[in-house]
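So that you can see what the record holds, here are the features copied from TrEMBL:
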ACT_SITE  Glu17  active site
ACT_SITE  Ser187  active site
ACT_SITE  Ser326  active site
BINDING   Lys140, 179-181, 187-188, 217-224, 314-315  ATP binding site
BINDING   Asp303, Glu315  Mg(2+) 1 binding site
BINDING   Glu315, Asn317  Mg(2+) 2 binding site
DOMAIN    144-348  domain 'ATP-grasp'
Amino acid sequence: MTEKTRVAVIYGGRSTEHSVSCVSAGAIMNHLDPEKFEVVPIGITREGTWTPGTTEGLEIVDGVMPEVNPGAELTLSLDPNARGQFHNVTDGTLFAEVDVVFPILHGPFGEDGTIQGLFELSGLPYVGPGVLASSVGMDKEFTKKVLAAADLPVAPEVILKGRTELSEDEKQRLGLPVFVKPARGGSSIGVSKVNSWEEFPAAVDLALEDDEKILVEPEIVGQEVEIGVLHYADGTLLASVPALLAGIDDSDEGFYGFDTKYLDNVVTAEIPAPFAPELTEKLRDMAIRAFEALNCEGLSRVDFFVTEESVYINEINTLPGFTPISMYPQVLAASGVEYPALLEALIEQALAK
């Protein structure tokens, strides 16, 4: 009998996306083939303590989000000669030894290159893009710089760092409404839609709770589209069919914010999007070009705005959500790669690095 691959699914973390990470981890562990994989759940508390995790209770129940509870403290060996070993901090005994890590950690300290660097240091294979792609993809300012350098269309923006106000020229250039975002955030946490300049200071204050650098963008009126990219172990790149989001205007937030994504149940997606073949292929090609421009590995989700005149890349998510309602696994399933096969392909690619 072939020995099972031991997979540490690491979730939770110190970012504001802690609970989303927990929900993603629960879905992943439920879909890993038990005939091929042995799952070792590892939780990280909001304070940053690594602890034995669970495979149960990681769902949203009546609007209540799950989180990692404190427990025995674990540490990961940084010695490449003892790679994949997790030890109990209290007595140094071995807790588990794994072959590969699936770090489904969203936001800072998980999706920004920091934990990827830790795994590189320890010689431990891991799912997803490396340090460079993760750090660039986490920072919306630098994502746009890299995409623009690759001749990919991005929306205009103003960066606020060390200041909290726009100049009159900047206001004139951006117009209203605008979106105010933490430059290094996710799941639309800290994002506000500003319809008048009187609302702007409060939006800046909200964004500053998550990041010292703020991105201000004009509203782009168009269709919101998402495409997943899957990187196979042999180097092949698959761009999924596009998903067209609908129902966003019916949400209380009026945009694709955190509550709209995870709690309100008003957003639907048409998969595949009913686009002309030429537009679909253009979007898929742009998704792969964006993936390659950031030097991604494993997976990414590329988000677009499609207007009557043009197509813009909104952002690239190097570690997209895997919750039951997340777009990435849905668009891959619609492209012929079901959830268990998707996870297997990602783990195979990680082990082949």
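Each residue, glycine too, has its Cβ placed from N, Cα and C.
Cα distances from Glu217 (ATP binding site) to the recorded positions Asp303, Glu315, Asn317, Ser326 are smallest for Glu315.
The most crowded of the binding-site residues listed here (Asn314, Asn317) is Asn317, judged by how many other CB atoms sit within 10 Å of its own CB. Rounded to a whole value, the Cα-Cα separation of Asp303 (Mg(2+) 1 binding site) and Lys140 (ATP binding site) is 12 Å.
DSSP assigns Asn317 (Mg(2+) 2 binding site) to a strand in the three-state reduction.
Considering only the recorded positions Glu17, Glu315, Asn317, Ser326, Lys140 (ATP binding site) has Glu315 as its nearest partner by CA-CA distance. Ranked by CA distance from Glu17 (active site), the binding-site residues Val221, Asn314, Asn317 have Asn317 at the top as the closest.
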